Amino acid sequence: MKTTIFTHDTVASAAKLLQAGELVSFPTETVYGLGADATNVDAVKKVYVAKGRPSDNPLIVTVADPETVAKFAQVTPAAEKLMAKFWPGPLTIILPIIPGALDMAVTGGLQTAAFREPDNDATRDLIRLAGTPIVGPSANLSGKPSPTTAQHVLHDMDGRIAGILDDGPCRVGVESTVIDMSGDVPAILRPGAVDEAMLEPIVGPVATDKHKVGAKETPKAPGMKYKHYAPEAQVIIVDHPEQFPAAIAWAKAQGYDFGVLATDAILTAHAQGLPQYSLGKDLTSATRDLFAGLRYFDLHPDVLVVLAQAFADDGFGAAYMNRLGKSAGGQHFTEA
Ligand code: TXA
Ligand code: MG
């Protein structure tokens, strides 16, 4: 299959492919998604095949307006408030479905489903022109970092999908916050750019599912149980900027090739002449560029270890640390 690149100008052709049951990757403010007509079971099944993803992992139903959600789910007043406040934007809302309104291939057999309206005009036009909501997992091969550019998508999906709608690099860089509104207490199942402090004024106290890979409890978002964002190199988290000299000395002493994934200040101070990828200047740029950095080191197979910068694990930092923690399999640098 030839994978065609579309732009906002040619979005109507991309919409026709979706209507024909083909897969088209779409841009969002978070990461690129892998789109298929959410009401076409055969199209949805192709998504799992293209990603190499276990089919028990439910998909997000991506919409172009909040009104569409009521066709598929029971929209509570609290959910309505969230949509009014944060949509279009990086918040995915889990709601009880109207029985029979969505196929098992979308819900993974659950009585709930995830909904999101992304903040991207090209994608909202794509959905409107296709005339149907689209399922939208991230457009990476299962286990790889989520794609934040059309080039990343092409790298993983060339020949596996019909098209990619290219709208440049993603602004946020990590996937949306997932909030479960189907139970008694709203629960954050995945941290993202919309954090607890932004949600609580709207819906009251929220619970946070601090699931870590390898923990024994069953995670509430099925996708959180798989090893994610795993680059070829071993990622080691350096908790504090002042630990970089010791971490670099340790890696040199081990004798293998290693790289540094950190903000400019750290690279300039400590990593001259070493393989490196810049996370820009602060937490916002670091979150935006994290997945691109992990993918960069995948293109340099000689690099066996990546020393990666940590940020404080709260607020927006929780989203960054959640993804970095998974890519590292929980490994932190510790001084002997
Ligand atoms: O930012 C995003 O959300 C991106 C862009 C493309 O929209 N999409 C994305 O989709 O990250 P995906 O499929 O990679 O992640 C969806 C997450 C998974 O962890 C999945 O298990 C969880 O949401 N999820 C979906 N439906 C659920 C449900 N009914 N109950 C609990 N978790 C659910
Ligand atoms: Mg994903």
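Sequential numbering from 1, following the chain as shown.
A Cβ is built for glycine as well, from the same backbone N, Cα and C atoms used for every other residue.
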Original post:
Hey, TrEMBL has L-threonine bound by Arg116, Ser176. Any idea which of Thr30, Thr39, Thr68, Thr263 it lists too?
Top reply: Thr30
Subject >> Separation of alpha carbons, Arg116 (L-threonine binding site) and Ser138 (ATP binding site) (Å) >> reply: 13
Original post:
How many other Cβ atoms sit within 10 Å of the Cβ of Ser138 (ATP binding site)?
Top reply: 30
Original post:
Does Ser176 (L-threonine binding site) have same-chain partners at least 6 apart in sequence with Cβ under 8 Å from its own Cβ, and which are they?
Top reply: Thr30, Ile60, Pro90, Leu91, Thr92, Arg116, Arg190, Gly192, Ala193, Val194
Original post:
Where's the emptiest Cβ shell within 10 Å among the binding-site residues Thr30, Asn57, Ser146, Arg190, Tyr229?
Top reply: Asn57
Subject >> Confidence summary for the domain 'YrdC-like' (8-194), mean pLDDT rounded >> reply: 96
